[in-house]
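Listed features, source TrEMBL:
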TRANSMEM  A:247-272  transmembrane segment
TRANSMEM  A:305-327  transmembrane segment
TRANSMEM  A:347-365  transmembrane segment
TRANSMEM  A:445-467  transmembrane segment
TRANSMEM  A:487-507  transmembrane segment
TRANSMEM  A:528-549  transmembrane segment
DOMAIN    A:567-678  domain 'TMC'
TRANSMEM  A:636-659  transmembrane segment
TRANSMEM  A:680-701  transmembrane segment
TRANSMEM  A:748-769  transmembrane segment
Amino acid sequence: MALARCRYTPPSPKIRGSRKSILEYSPSSECPDPASALPPTMTSTAGTWNSGGGEARLGRSPSCLLLRLFFFFSPPSPLSRRAAMSDTSSVSRLSWNGNRDDSFLDYNLLTSMTVSFLQELPSYRSIVRRRTSILSRDKSGGTLLKPASSEIRSYLETGKSEREHLGSQSIRKYALNISEKRRLREIQEAQVKYLSDWDQWKQYSTKSWKRFIEEAKELASHLELWKNDIRSIEAKFGTGIQSYFSFLRFLVILNSVIFTIIFLFILLPIILTKYKITESTFLILPSNEVDMRCKVYPVNSTGLIYFYTYMIDLLSGTGFLEWTSLFYGHYTVDGIKFKNFTYDLPLAYLLTTVVCLALSLLWIVKRSVEGFKQNLVRSEEQFQSYCNKIFAGWDFCITDQSTAKLKHSSIQYELKTDLEEERIRKKIAERTPEETLRIYSLRMLLNAIVITVLAACFYAIYVATVFSQEHMKKEIDKMVFGENLLILYLPSIVITLANFITPLIFSKIIHYEDYSPAFEIRLTLLRCVFMRLSTICVLVLTLGSKITFCDNEECRVCGYNHKIYPCWENQFGQEMYKLTIFDLIINLAMTVFVEFPRKLLVTHCSSWKVIRYWGQQEFAIPDNVLGIVYAQTICWIGSFFSPLLPAIATVKFIIIFYVKEISLMHTCRPSTRPFRASNSNFFFLLVLLIGLTLAFIPLGISMTHIPSSKACGPFTNYNTSWEVVPKTISTFPSALQTFINSITSEAFAVPFFIVICLIMFYFIALAGAHKRVVVQLRQQLAMESRDKRYLIRRLTEAQEEMRNRPS
Amino acid sequence: AEEDFSWFDLTEIELLRVKCLPHTLDVLRASSLYTPFHIQLSHKTQRARAHRRFIELLPPESRNVEDSLRVRVSTEQILTLPELKANPFRERICRVFSTAPERDSLSFEDFLDLFSVFSDAATPEIKSHYAFRIFDFDDDGTLNKEDLKCLVNCLTGDGQDTQLTSSEMKQLIENILEESDIDRDGTINLSEFQHVISRSPDFTSSFKIVL
């Protein structure tokens, strides 16, 4: 049995290599006992290693083990006779389909004894055991590799089947070809007859259940959005670019879900009121505390509207758009009366926003957990980077010849830079103190330049925002169409310009900083992310300061500058709306007016050297991802002030998807610097997460600290919008109230925080311990392999002896 | 009795069953006969696509159902598939999946087998097993330095200018062995390979072919 088992082993466990190394192995060197290398706690914690250590101890007295072996192979033993029989039969069958693995043939005949022995070796077994235990923990359910498909093959050959082994396991998991699988199935089916009715029924039902699940999955896969588009992109350009489009699809789905929630809980009640299906109470008239001045909200002229004002309104959200349900100001309903209860719209409005943000957070975290896990494993295994690049380097999805060529060169580039990085690391270690000092001072200087550039950008955005806010209120009629639009869009234009120029500056600066190539890319990316997201921050802060700042005492009356901003939430929403629209326009314009002419130039005037050198536009994944994360962050910030913004963002992302697809297929070329799918999935979500946290800050401040405007919106009766929550809680039964109060009090929060910290420390300590154990296990594995080689050497010697004796 | 039961008989039985079904559509339904064999191409559409692809490779006169299940297609023809054209490992892939005596042709079953291993549904273990066999250029069951050299050359392209210099290659191979050769015997065996692959985040996403 044991002999037959190894016959098929496609990779008979490294006979060649081990034989070579046997020669190098010096018998004089004592094998240290691996069990003693471990601290006493180890043997108790790592259960699987008890046996490993014990078996390794056997290896210390190889002569005893060899004796056993000889007993095993000696002729009179009935056990070995059977082994010999199956050996001859396997030889004959080898000649029958030996052509299948002709290359192993001579091996299997010559070394079948050694090979079988190899599989019985303790260290080999423990590797198998360890791997399966790891896998079963990961997958939690039977997907672990059956120890070796060779064993299954041997069952196939001998016809003897162990019921529990084949059982109801899915044949799919064995690495066999179809004809072999068919035989396996026959054996399984033959077994079924011997099973009890209950087991048969169980097997049948699990099978049909599985088939049902598969059918359902297949049906569901037809519903998947853009399945074919993404598939064809993946087939042509590989998984890196595919992950960008999957990310875009995720954002479309996320935004449409957010919009659905907003529609159901905010818009639908309003619509029902409008068509008199339900009755609603409008806002209660002002209580005396509030100054009348705060309630004035001058409505713009409703006279003749010129076409160009109409266009301006459409692009900037002013005029007729200001009073539609697009913006916060429209929602002035207080309660909607249904038959039994009153729907509290202000509360619903606030909670919907909070729920949408929480939902986005949970969804992103859930998606990023997988990538985060992989990243953790990878960062632990820093030294595995080469293996990942070599064994998983080729993207088998690629079918496009030019993409394949690009992939070749990018792999070559990556490998070269990695090797160079190693050399640079060595060089850094050898750096003299003067050189170190010089480089550090240079880096300080360059970082100062970076900060200056950033500060200049932020200042420009600040100035532009202030200018645009101050001049916006001027008479529209007196201005030329373009000038007006320019003023309205000034902040957006400045932000876009800053986002366009700074990455160029950063990528130039980084060359002088003398970092390793991989770190260069990462640092540039980090700076760009910072730039992108902080521009929004600056804009929001400027607006916030403009809203709460007044020249004279007037602010005290309402808590905000009611002269310029009678309904500041609307203005805020308009800013976000403008940013969204402008971003879309820029995206479209870049494709139509830059990439397309460039492509035309490159294809038709390729004789000019400059143009050929210039080439087609690169499809750089990080830049594109930053672009859409920026758009999404704006959408999150704006969703409170402009509830329909998620819907606009959905449409926008759909348009961007098609535009990018077209530009990728026709006008762009994939980037020479590849982006790995595993890297990207985590990176995208991380940046998105940063964007989301950024969105929390202005929303939180505006909800809790800036007084809500008294002239419009659902929160006219409250000081700040958040006040609606405590007010609602105060209507709850007293027991619930005390419960909620105690949960939100410091007395609860502080211990809770401490407990969480303790749990975190526990996990950190656990991780550290695991890391140490891994190192020790690694050492032990290396030692055991030395045992193995020693044993093999002794065995081959013994074989030689046996062979020589009869002759 | 079980010993006499060769798999050719079984194929004949299958073919008889298939012959009763006249249309291609029915064959696809009949290929749900294959479902119990648990081909990893679980989706019927994928199987149908594979079958269509295979039929396209056949000469026009044998483009029917019966022949498509019997005839073998030579490696040269398989290599003209657009899915494999740009793949530097295409010859190795055909060799690994072929069940023909000379390892130079693929039957429809081999073809299905190939695409099932490269489909989404295949488990990472199956994928890494076949990846190992594909990367094992001299078919000796371990990845030694020569195999790694061939592998790296396949990755970087065939041209002289794209290949790494010999010192770089030496350094690279040393690094790879440093990372993956757990028992330090100078070669990578299947279990070491699968161990490395299980920690490689890119492998399952990149080791697939979209039909």
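Quick reminder: no glycine exception, Cβ is built from N, Cα and C everywhere.
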Report summary line: In the same chain, residues at least 6 away from the ends of the transmembrane segment (A:680-701) whose Cβ sits under 8 Å of its Cβ atoms read 240, 243-244, 247, 353, 357, 360-361, 364-365, 367-368, 370-372, 374-375, 529, 533, 536-537, 540-541, 544, 621-622, 625-626, 629-630, 632-633, 636-637, 640
Query raised in the report: Taking 3+ C-beta pairs under 8 angstroms (sequence gap of 6 or more) as contact, is the transmembrane segment (A:487-507) in contact with the transmembrane segment (A:247-272)?
Result: no
Report task. Give residue numbers and ranges for long-range contacts of the transmembrane segment (A:445-467): same chain, 6 or more residues beyond its ends, CB-CB under 8 A. Result -> 487, 490-491, 493-495, 498, 502, 505-506, 509, 512-513, 527, 530-531, 534-535, 538-539, 542-543, 546
Report task. Using a Cβ cut-off of under 8 Å, list the residues of the same chain at least 6 residues beyond the transmembrane segment (A:305-327) that approach it. Result -> 267, 270, 299, 476, 481, 484-485, 488-489, 569-570, 573-574, 577-578, 581, 641-644
Report task. Grab the pLDDT values for the domain 'TMC' (A:567-678) and give me their mean, rounded. Result -> 84
